[in-house]
Amino acid sequence: MFSFVDSRTLVLFAATQVILLAVVRCQDEEDVLATGSCVQHGQRYSDKDVWKPEPCQICVCDTGNVLCDEIICEDPKDCPNAEIPFGECCPICPTEQSSTSSGQGVLKGQKGEPGDIKDVVGPKGPPGPQGPSGEQGPRGDRGDKGEKGAPGPRGRDGEPGTPGNPGPVGPPGPPGPPGLGGNFAAQMTGGFDEKAGGAQMGVMQGPMGPMGPRGPPGPTGAPGPQGFQGNPGEPGEPGAGGPMGPRGPPGPAGKPGDDGEAGKPGKSGERGPPGPQGARGFPGTPGLPGVKGHRGYPGLDGSKGEAGAAGAKGEGGATGEAGSPGPMGPRGLPGERGRPGASGAAGARGNDGLPGPAGPPGPVGPAGAPGFPGAPGSKGEAGPTGARGPEGAQGPRGESGTPGSPGPAGASGNPGTDGIPGAKGSSGAPGIAGAPGFPGPRGPPGPQGATGPLGPKGQTGDPGVAGFKGEHGPKGEIGSAGPQGAPGPAGEEGKRGARGEPGAAGPLGPPGERGAPGNRGFPGQDGLAGPKGAPGERGVPGLGGPKGANGDPGRPGEPGLPGARGLTGRPGDAGPQGKVGPSGASGEDGRPGPPGPQGARGQPGVMGFPGPKGANGEPGKAGEKGLLGAPGLRGLPGKDGETGAQGPNGPAGPAGERGEQGPPGPSGFQGLPGPPGSPGEGGKPGDQGVPGEAGAPGLVGPRGERGFPGERGSSGPQGLQGPRGLPGTPGTDGPKGATGPSGPNGAQGPPGLQGMPGERGAAGISGPKGDRGDTGEKGPEGAPGKDGSRGLTGPIGPPGPSGPNGEKGESGPSGPAGIVGARGAPGDRGETGPPGPAGFAGPPGADGQAGLKGDQGESGQKGDAGAPGPQGPSGAPGPQGPTGVNGPKGARGAQGPPGATGFPGAAGRVGPPGPNGNPGPSGAPGSAGKEGPKGARGDAGPTGRAGDPGLQGPAGVPGEKGESGEDGPSGPDGPPGPQGLSGQRGIVGLPGQRGERGFPGLPGPSGEPGKQGGPGSAGDRGPPGPVGPPGLTGPAGEPGREGNAGSDGPPGRDGATGIKGDRGETGPLGAPGAPGAPGAPGPVGPTGKQGDRGESGPQGPLGPSGPAGARGLPGPQGPRGDKGEAGEAGERGQKGHRGFTGLQGLPGPPGTAGDQGASGPAGPGGPRGPPGPVGPSGKDGSNGLPGPIGPPGPRGRGGETGPAGPPGQPGPPGPPGPPGPGIDMSAFAGLSQPEKGPDPMRYMRADQASSSVPQRDVDVEATLKSLNNQIESIRSPDGTKKNPARTCRDLKLCHPEWKSGDYWIDPNQGCTVDAIKVFCNMETGETCVYPNPSKIPKKNWWSAKGKEKKHIWFGETINGGFQFSYGDDSSAPNTANIQMTFLRLLSTDATQNITYHCKNSIAFMDEASGNLKKAVLLQGSNDVEIRAEGNSRFTYNALEDGCKKHTGKWSKTVIEYRTQKTSRLPIVDIAPMDIGGADQEFGVDIGPVCFL
C-alpha cells in the first residue's frame, strides 16, 4: 500500500498532523494563544487581523491592542444619484468611470456582472508586482443587489483550465472599458493572507442563486469608496503588451513530442499590475476514468426542497435523425428481464448496496482520487495555450478500395449533403469492452428527485464541550410576574455550605392565597370581676347579658397555605462542577431539529447503471440557415502529387452526395455547450449498425474519475458539528433498493456533472439542414462489394500520420443521448492532478435500512476540549431577581434548576457512528434565508482536513422580546450553579411531588439497639416552624422522564450580521447561467475530420486471403445489446478480507443444563470447632498386657525371722546361726520373662508406698484432658475472649443449642488480642457489631438561616456532630474497622436499623405532601448515599414511621437497610432535611450492624 502513496502526500499528511498537534496544544495553553491576540465584542482576533465591525469603521489587531479608525468618504462630485452599496460606507456614483487603476486611489466596487462585449477580446497584460498579504475582513452586511456594473478589473490568474474544444475563430477586438471592481482592498494591498484560508476575497461564498436571464449591459458603476493606503508593492517588471495579431493559418500537424519530465516548481513571480478581464478559458479535456474511489462519507442531510409542479407531458415529436451523443438521461426504471445471454465478460463493479451497520472508525485512508469534474464554475481567466496533444488513436479499418498505392492525404473536401439514414441493423453480439473513452459532454441535470424519507435518528452524540461564557447582557427590566407555575419537584439536598452574610431584602412577593383557618386558640384569660350587686329578689330569668370583653389574643394560627410563587430570581453564577451523577436512561427521541447547514460535499457515489431509453425529446429549434457556398466544379482526379502546403480554406462547394462514414477522428477537446439547435425534421429511424469485431481487451486505463455524487439525502436534525472523524472502512454491499418513482420534471438546470453516455434516445424531428456537424457515427453501408472471405485478424497498425486540419464545422444541433459505453478496466493510478472545481451536490441516495438499535455504549473518555462554538443568539432579557449576598461555599448541593441556556459549545469529537435509529417525523421546512451576495470564485483545492474550530463569534444584538411561548419541555439538568444569594424569605410553597429515591447515604455508626417503644398517640398538628436556611445542594437525582415537547415559539427578529465565517461549502446547483462571451481563439486543433468518402471504385478481383493480421484496435462502442441471459455461476471467489466485527447479537436462549461436573477437590479443612461438652465416663477397660519389669525397688527392711525349717539330718547339734542377709534384688533385675520362673518381685509389691503410682496417673490424665480440651476448643471455639470464634455463624454451627447473647469473635484469626465483642443472634447466625456511641442525644442540633431546606449531614456539617463508629472503647483504635473488613468478606448479607427520634421533623414520609422529599439520607461505609426513594439498590425501608407530621411531640421512625453488598454497611452518617427551626429537634439511636 505504501508504494502507491505519493511521497508528497505523506509529507503533506505529516505536516497536517504537526499543525493539528500544534492547534490542540494551543487550545490546551490558551494563555499562549492569547498573546498578541485581541478581543472585541467577545470575538477574538489574531495579531494583524483586520476587520470592519461597522461599515464605516475598520479595526486592526496590533500585538494585543485594537486600533480602530473611521472611514472618511469623499463626496462624489457631480453625482446627483450617488448610492451607498449595502454593507459599505461611502457613496459611489453609478455612472462615473474609474480613472485609477493602481488600486490606491479608489476602492473598487464589487465584481460586476459580465458585460455584453460581442467581439472584443483584449490582449493579456503583463504580470503585476506582488502585493503584501491582506488580512481577512469580517463578513459585511448583505447589500441590496446593485445594478449591473461594468466589467471589473482583471482578477488574479486562475489555474490553467484543461483545454476545451476549439471555439470558432473570433475577430480580435479592442480591449473593453475597465469597470469598477469589488472591494479588492485586501487583494490589492496585501495579496493573500496565509491565515485567511478560503475567504481571501473578503466575501463569504453563499449558495449560488438561480441565474437570471442575461440582462442588458448595466451602466458603468461609480468608483468605490476611498480605500486604505496599501503598502506599496515591489515594482514589477512591466512587459510591453503587444496587440494580438490575427490568427495565422494552421500549420501542418507535428509529431507529438515525448512528455517531458515535470520541472521543479519555479519561484513565484512578482505580481504584475492587474490586466483587463481575460477571456474565459476553455474547459479542459476530461481525464480518463480513474479507479473507483473509496466510498465517501455520507454528507449531512440537506434541507428538503420544495417539490416543483409537475410539467405537462409534451406531445411526442416525429422521430428525428440520430444526433451526436446527448446528455445523460435520468435514471429510468429497470427494464423487464431479458432472455439469458451467453456468459459475458466480467462486468463492471456493481453499485454499492445499502449501508451496512456502522463500523468503528477506520484509520485515515490515503488521499482519494480526483473527483468528477464539477459543474461549470464562474468564468475563469484564459489559461495559457496548452501543449499540443498527442495524436489520436487509429480509426477503424475502412472498406477495401481499389488496390493501389496510397497517396498522400488530400485537402479536406467540401462538405457533402447528409445521406439518408439507413435502416436499423440487427443487434450484434456484445463486443469485448473497449478501452474507456473520454467522458461524454456533461448532460443537463435530471429532474428533482423525490425527497427520500427522513433518515433514522442517530444515537445521541457525546456532549459537546461547554462554550466560553458569554458576556453579561444588559440588565433587563423587571418583567411582570408570571403566572404561578406548578410546584417543581423538590431538589435533593446538598451538604451544608459555610454561612453566608445576610442578603438585602428582596421586593415583596405578591400576597399569598388565603391560608386555611388556624387551629383554635387557647382560651383567653378571665375577665375582671364586676361589682357586686345588691341582693334582689329572685327574679325571672333575665335575658342574656352583654357580651364580655375580648379575651387575650390566642396563639398564632398555623401559617396559611402557600401563596403564589414569587418572581424567579436570575440564575446564580455557575457553581463548582458537581459529582457526576449516574447515567440517566435514554430520553425519548426529541423532535427533529431544524435543518442543519449544508454539509461538506460527500465523496461521489458510485456510477449508477444506465437508465432505460428516455422519452422522445421535444423538437429542437431550427438552426440558423448557413450561407450557401458558391458551387465548385468537381475536377478529374489527378495523379497523386506530393502533399502541398496547407492552402487557405476555399469557399464551400455545393453539397456532395453523402459520403461513406469515415472512421472516427481523434477525440477533440470538449467544446463549450452550444446553444440549443432548432428542431430537426423527423428522420427515419436508422438501422442498427453491424456490430464491430471484438476488440482486444484494452490496457488497464488510468484511474477513473470520481463517480457521481449520490442523491441528496433529506434534511436531518441539526447536529453539533464535530471534527471530522477518521474515515470508516466501506460497509458491505447491501441489496439493491427498489427504484423510486420518477419525480416531476424540474426546470432546466445548468449542465450537470459529467455523465457516462446514456443509451441511444429516440430520434427527434428532423430539423432544417444545419451547418456541417461533427463527424457522425458510422453511416450506412456503401455500395455493396462482393463478400470477401473473412481474413484473420490483422495486427494493430501503427498510428497513421496526422491529417491536415479540417475546417471547424459549426456546432450541430444536440442529438439524442448516445449509448452507454462499457465500463473500462481500472487504470494505473495517475499522478495527482490539479484539484478540480467542486462538483454540485448529487441527488439523494436511497435510505438505508434501519439498523438494529445497538446496546448503549460505555461512556467514552472525555474528549479534548473543542474550540468554542459559534456564539448563539442572546436570549430575551430575564426578569431581574433580588440581589443577595454570597453564601458560604456549600458542600454537595442538590440538583439546581436548569441553568440559563449557555452558548453552544464546539462540537466534540465525533463518536463512532451509532446504529441507525427509527426515522423521525418530517421536520417543518425552515423559512427561506435571504439571498446572499454572490461570492467570488475560489480555486478548488483538494479535500482539506477538517479545519480547526473557528473563533467564537461575538454576541449578537439582543433581539426584541418575543411573545411568551408555551412552556417548553424540561431541559436537561444543567450543572449545579453556585450557591445563589439568599433571597428574602418566601411564602411556604406547596408540597412538591414525591421525588425519586436518592442514592444511599454514608453509613453511620451504629448504636446499641434500643428497646422497641410502643407507638405514641398521634399528637395535634403543631405550628410550623420558620423555614430553615437553604440546605446544601444534593447530588444530581436520576433524570426525570422527558417532558412533552413545547410548541415552537415565534421566530425572533433577525440577529445582527455575524462576522464573516470560513468559506462555506459549495452551494446547491444554481439555475443555468447566461452563455458566456465567445472565448479567445484556442490553440491549433488536432487533426481534422476525415474528408468525404470518394466514389466507389470498380469492383476489384477477389484477392487471396491475406495472412492473419494482428489484433485491431478496439472498435467504437457498439450499441447497447439486449440484456444477456444469466451467466453460468462463476468460480468461487477468493476469500474476502476479514469483515469488521458485527454488532452485539441479542442474548441467546438459555442453554440446556450441562452434565453433572466432576467432584471438586476437597476443600481446605475448616476452622477447629469449639470444645464439646465433657462426655459421660466410659466403661472400665479390660486389663492390659503386663508391663515390663520395673527397675529394682529400694532395699527392703530386714525380714522377720522365718519359720523354723524342717528338721535336718541329724547332726551334731550346733548353736543357732545369726540372721541371714537380705535378698540382693539386683540379681533379678534382668529377668523379664516371668514364664521362666516365678516373679521374684511378686512378694515385694505389697510392701511399697500406695500413693506413688496413682499420683502419676492423675497428672497424665489431667494433661491429656487439658490437651483434649484445647484441641476441642480450636475445633469448636466457645466465643470467649480467650477462645473467640471467627463469626457468630461458626458458633451457631458448633453450638446450635446456645442462646443469643454477647460473644467474642476474631474474624481475621491469628492473635486473639484483637478479638471484638459482638452480639450473636443464635436464631439466625447473624454477627452484630455495636456502635460506639449508640445514640445521638435528642435536642435542637441545627438552626437554619435561609428559607430553603436541604439535607444537613450530622457528622460532616452540624456543629458537635460526629460520624458513627463501631466496636469497643477498650480495643485498640481501628480494631473494629479491621475486623469488620474481614467480617464483610465472610458474609453475604448485611442489615442495620436506625431509629430517628423526631419532634416536628419529618423522617421518611411527609403526610402533608404524600411524598418522600424530606426523608433523611444515610451514608454507607463506602460513601454511598442511601435514600428513601430512587434506585432500589440504594433505598431503605421504614419499619415504623411516626415522624410523618409536626405534632409538637416526640415520636420515632425506625429505618432498616438490607443489602447483599456488605461494603455499604455500617452506616456512618445521617442527614435530616426537615430541621433548622427553633422547634425542630431530633435524636438518633444507632442499631448494631449485623452480618450473615
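Glycine is no exception: its Cβ is also placed from the backbone N, Cα and C atoms.
Noted from Swiss-Prot: Cys1490 is disulfide-bonded to Cys1328, selected from Cys1311, Cys1320, Cys1328.
Residues 1220-1246 are the range that Swiss-Prot records as region 'Nonhelical region (C-terminal)', among 59-85, 1220-1246, 1301-1327. Averaged across the region 'Nonhelical region (C-terminal)' (1220-1246), the predicted model reaches a pLDDT of 40. Between the recorded positions Asn1308, Asn1393, the minimum number of other C-beta atoms within 10 Å of a residue's C-beta occurs at Asn1308. Apart from Asp1306, Asn1308, Gln1309, Cys1311, Asp1314, the Ca(2+) site neighbourhood in this chain, defined by C-beta within 8 angstroms of the site C-beta centre, holds Pro1284, Pro1307, Gly1310, Thr1312, Val1313, Ala1315, Gln1379. Among the binding-site residues Asn1308, Gln1309, Cys1311, Asp1314, not one has its Cα within 10 Å of the Cα of Cys1443 (disulfide bond). When the recorded positions Asp1306, Gln1309, Cys1311, Asp1314, Asn1393, Cys1398 are screened for a Cα within 10 A of the Cα of Cys1490 (disulfide bond), the ones that qualify are Asn1393. Note on proximity: among Asp1306, Asn1308, Cys1311, Cys1328, the recorded positions of the record, the Cα nearest Cys1398 (disulfide bond) is that of Cys1328.
Following the DSSP three-state reduction, the secondary structure of Asn1308 (Ca(2+) binding site) is coil. Taken residue by residue with DSSP, Cys1490 (disulfide bond) is part of a strand. By a simple count of nearby Cβ atoms, those within 10 Å, the most crowded of the binding-site residues Asp1306, Asp1314 is Asp1306. Distance between Cα atoms for Cys1288 (disulfide bond) and Asp1314 (Ca(2+) binding site): 16 Å, as a whole number. Cβ neighbour density within 10 Å is lowest for Cys1311 among the recorded positions Cys1288, Cys1311, Cys1328, Cys1443, Cys1490.
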